[in-house]
Amino acid sequence: MAGETVLVVGGAGYIGSHTCLDLANKGYRPVVFDNFSNGHREFVRWGPAEEGDIRDRARLDEVLAKHKPAAILHFAALIEVGESVKDPVSFYENNVIGTLTLLSAAQAAGINAFVFSSTCATYGLPQSVPLDETHRQVPINPYGRTKYIVEQALADYDQYGSLRSVVLRYFNAAGADFEGRIGEWHQPETHAIPLAIDAALGRRQGFKVFGSDYETRDGTCVRDYIHVLDLADAHVRAVEYLLKGGDSVALNLGTGTGTTVKELLGAIEEVSNRPFPVEYIGRREGDSHTLVANNDKARDVLGWVPQYDLSEIIRSAWDWHAKSNQH
């Protein structure tokens, strides 16, 4: 429980760093393990950092022996869907082989509490909305498949081994720490909210909307945006749940509220008071028109209730991106 050391793998990244903040606030000792290929050293502010790669078993063994964590939170992964189609081998090497190496090291060290960052991309194209955890899992790209393979491995580790896990399937993570210490910072950026904010700030030539003829209330895609601090809270609750002996479980993390791209852009204009050019272009292959979570199970199992709405997501993201010293 509180006071325990937690190894946060990928803890220098966007969601991992916000989770370190929440862990520290709740009395845990987060130790970041990161190769800093996508993470940021300046995001490691709430505990020590150990540099290393999840494919390096000897380095993992060394770090686990040194810090003796009670649980592992695993965020480290390649995440860009488009890149996964161009270079699937890297995604399998990092997301599958890397995770299996981490799991082997964890088992050898006697760690049996593991929280895994998964994704709603494991569901593939939704057959019904909102999606609950019983929805079939038929991922449609290599990124989603790598996460699904790890989910299956974790189920086997639970059934035939001694490792219990909480699999957290995120919907659209967004927003930033309200004190502006950390926020979303990807290179290159592909997520809608930072791209639209950059357009409002004049840092890019407007914003492109992929598809305006979907069967949704205004023709644009619907997504479930969840504040990164709500995600962080769910991860800390998942650690507590496992350390108290909870059984392995997979949970959706979303608000249950869908927002269209047009609604999102309108909300960003309202917060920023800066109109920006929007271009409507053709649909993007593989995009689902609606992805919204049923989050009842996370509420039941973890007592988790999202605290922040879309306006708070956008306000915190705006404050972060508008800081002139950011990147």
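A Cβ is built for glycine as well, from the same backbone N, Cα and C atoms used for every other residue.
All protein chains considered, the CB of T119 (substrate binding site) has 23 other CB atoms within 10 Å. Look at Swiss-Prot and you will find T119 tagged as substrate binding site, backed by similarity to another entry.
Counting only same-chain residues six or more apart in sequence, the Cβ atoms lying under 8 angstroms from the Cβ of Y143 (active site, proton acceptor) belong to L78, I79, E80, V81, E83, S84, F91, N95, T119, A121. According to Swiss-Prot, the active site, proton acceptor annotation covers Y143.
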